[in-house]
Structures are given as structure tokens and as C-alpha cells.
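Take a look at the structure set out below.
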Amino acid sequence: MDKFRVQGPTKLQGEVTISGAKNAALPILFAALLAEEPVEIQNVPKLKDVDTSMKLLSQLGAKVERNGSVHIDARDVNVFCAPYDLVKTMRASIWALGPLVARFGQGQVSLPGGCTIGARPVDLHISGLEQLGATIKLEEGYVKASVDGRLKGAHIVMDKVSVGATVTIMCAATLAEGTTIIENAAREPEIVDTANFLITLGAKISGQGTDRIVIEGVERLGGGVYRVLPDRIETGTFLVAAAISRGKIICRNAQPDTLDAVLAKLRDAGADIEVGEDWISLDMHGKRPKAVNVRTAPHPAFPTDMQAQFTLLNLVAEGTGFITETVFENRFMHVPELSRMGAHAEIESNTVICHGVEKLSGAQVMATDLRASASLVLAGCIAEGTTVVDRIYHIDRGYERIEDKLRALGANIKRVKGE
């Protein structure tokens, strides 16, 4: 397995170009199964999960190629099963189910894998599709969905806010007969992006970005060209990198209005932040950040995917900060690893109490999930001595060329090929 060897401490400064959002690119790739004409998707990040998704679409019979943009022609899809060998590494594959059953009347997906952070059940996807008229069976580790004729529009009230299930229901409802209303829908920018992609293909959707999405079913979706929005979590990660190293950074190809909660907390931490239409700059003026209190919750509140990075920020900040995680259980696996580097933290239920220290020391640490592993790499950049981060395949699932981008900011980081 590959590792990162990071030599610190370094002050990170310079410019970084933000990639397309993984969490928008994946649902958009699967939503392309709904299209009866070719689609071109621009600004798709080069990531393991994206490669897996493209491979899965090919196995279903779609023509998929990448030359800068990703081109998908789903006219000849003739396989309706997403097999275990592709699905086991990636939760996003559940998003194949809604489009398959909506367009072809049948679909089956192996129960998914991905990061092991707490319970991420597929129940909400299943109950949403059932309310649209699909028959669902769980057999031999597969979720199997079928419908005679078309799905039927429905008034669906989500039990809890779920990005994944909102995507599934919204995609399936585009080809349903009649109107579907999703109440308590997720409001994330990536939901808005997926809806806007579907609208480009001819879907009739309104209310995306609010907790009530209305979809009027159409008979077919055509093709089109669409550009994926910038990755707000990658943007936030690089902003934190500059903040903890007392540096300065400009993030290009960013979308500031998707990061309001994160930018507010960085300002609280003492960062000088400016934004333009597609850029964000952060300057610490050489100062150490101040500890901040953070509580994660669904958008537009503070994103759970930035929790590990802010835990690290608090652990090297002036003062004591509290980080409360309300979205996922079991999402503090980075804390014991950071403690190996000299961080002072206590976990009480779903809160980490962070006592800031002046400096961290390099150590051998292990990545446990995607965002936790990013925080360990950033910790290595500012720690004294050498840090080796193991199991970095987690990072490759969500960050495009993170070592190249960090190196351009002054980090001393090398990928060491595993046995």
C-alpha cells in the first residue's frame, strides 16, 4: 500500500486550483444513465471513485470515454446489475439503482462499501423508490428494484435529511408519471448541481437548494453538456492548510458561496479572508490560529466533511475548542492518530475537546477514512520531523493529486510506493 512521507514544518503558501466536486461528479455520472442521448460532463476530478463509477457505467453497456471531459452515451445500456466486485469499494454505486429502475423498469445493485464511518444505511433510498411505485427485494446481498411500466410521482417526506437518498429519489422521479414532492430534502450544493445537470437534459425540477424539491416527470431525457461545480471540501482543506501553517493562499476555480459556514469559522480563527466570483484568499499574517467551536450539521450548517480538518486546526490553535459531530457516529478516528503526534484532545460522546499545543511532532500514523487522512497529511506538513501516513488509498478516493498541490505550496511530501 502507498504511503506519504512528509517532512515538516513548512509554511504553506501560494496558489492552488480546485478540482471539480467529487460529491457532485459521482451522482451526475450515474444520473447520465437517464439520458437517451450522449452527455458531456466537464470538470470531473481524476479520482479512484470516479474511475470506478466510469467502469461500472461501461459494464452496464454505456459508452464511456475521458478526454479532458467525460463523455457518456447510455443509449445502449443493456445490463441492469451493478456487481459486488465494483461496488464493494464505493458507496456511490447505490445511485445507479434509481436511474436504472426509472428508465428500464429494473435495476440491481450490490450493497455498497466505502469509508467505514458509522451507519450509512440504504433504507431511505429503498423507501423512496417504493413510494414511487418500485418493488424492492433484498436478495443475496443485492438490492433489486423493479416496476411495471413507469414509476408514479409521490409526495415523499424524508425521515431524516439524507444527501444520498435525495439524489436517488430526485433522479428516479424525473422519469416518473406525474409530480413528485420531496419534503425534508437535503440542501447541499451538490444536490443543486445534480438537479441543474438533470434540467440541462430536459428534467423539470424546482426548489433544489431548499428542503422542498418538486419534480414534474417527463417521458424522456436528452443529452447535453454540463460543468461540475468546484469541490468545496477540497477548497476548505487547502484553506485550513494555510491557516494552521500561518501561511497565505489563493484558491482558484472555487465557489465561495458554497462555503459560508467554513469561511465564518476561519475568520473566527483569525484568518484574513477575501472572496471574488471564483476565488478565495486567506492570509494569517504569520499568526497562530485561535481555537473555535464547531458543530456539524446538514447544509447550510458546518459540513461534517470539514470536521477532521478543523479538529486539527484547534489542536494547534491558541486556546481550547470544542468540535461536536452530529451527522455521523464513529467519525473521530483521526484523533488518536493526531495524539501520537503530540496533540492534546479528549473525546466525550460526540464531542472532541481540543487543547491547542504550540507544535506537533512527526510520527507514523494511519489513515482511517477520507477526510481524516487529509487532516493527518496536513498535520505532517506542520509537524517537526518526519510523518509517515499509511493507507493513503482513502485520500486517493477524494483528493485529486493532493501531494502535487501541497508541493506547489511548499510542502515536502513524497508518495512512497507500497509493496
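Just so it is clear, glycine is given a Cβ too, placed from its N, Cα and C backbone atoms.
Record features (Swiss-Prot):
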type	residues	note
BINDING	Lys22, Asn23	phosphoenolpyruvate binding site
BINDING	Arg91, Arg120, Pro121, Val122, Asp123, Leu124, Lys160, Val161, Ser162, Val163, Asp305, Val327	UDP-N-acetyl-alpha-D-glucosamine binding site
MOD_RES	Cys115	2-(S-cysteinyl)pyruvic acid O-phosphothioketal
ACT_SITE	Cys115	active site, proton donor
Note = If you tally other C-beta atoms within 10 angstroms for each of the binding-site residues Asn23, Ser162, the top scorer is Asn23
Task = In three-state terms from DSSP, label Asn23 (phosphoenolpyruvate binding site) for me.
result = helix
Inquiry  = I'd like the Cβ neighbour count for Asp123 (UDP-N-acetyl-alpha-D-glucosamine binding site), meaning other Cβ atoms within 10 Å of its Cβ, all protein chains included.
reply    = 11
Inquiry  = What whole-number Å value do you get for the CA-CA distance of Arg91 (UDP-N-acetyl-alpha-D-glucosamine binding site) and Asn23 (phosphoenolpyruvate binding site)?
reply    = 11
Request  = Sort out for me which one of Arg91, Lys160 has the most neighbouring CB atoms within 10 A, since those are the binding-site residues we care about.
outcome  = Arg91
Note = binding-site residues considered: Lys22, Pro121, Asp305; fewest surrounding Cβ atoms within 10 Å belongs to Pro121
Task = Rounded to the nearest Å, what's the C-alpha distance separating Ser162 (UDP-N-acetyl-alpha-D-glucosamine binding site) and Asn23 (phosphoenolpyruvate binding site)? Just drop the number here, would you?
result = 13
Note = Expressed in Å to no decimal places, the gap between the Cα atoms of Asp305 (UDP-N-acetyl-alpha-D-glucosamine binding site) and Asn23 (phosphoenolpyruvate binding site) is 11
Rounded distance in angstrom between the Cα atoms of Asn23 (phosphoenolpyruvate binding site) and Asp123 (UDP-N-acetyl-alpha-D-glucosamine binding site) = 20
Ask   = In whole Å, how far is Lys160 (UDP-N-acetyl-alpha-D-glucosamine binding site) from Lys22 (phosphoenolpyruvate binding site) when you measure between their Cα atoms?
value = 23
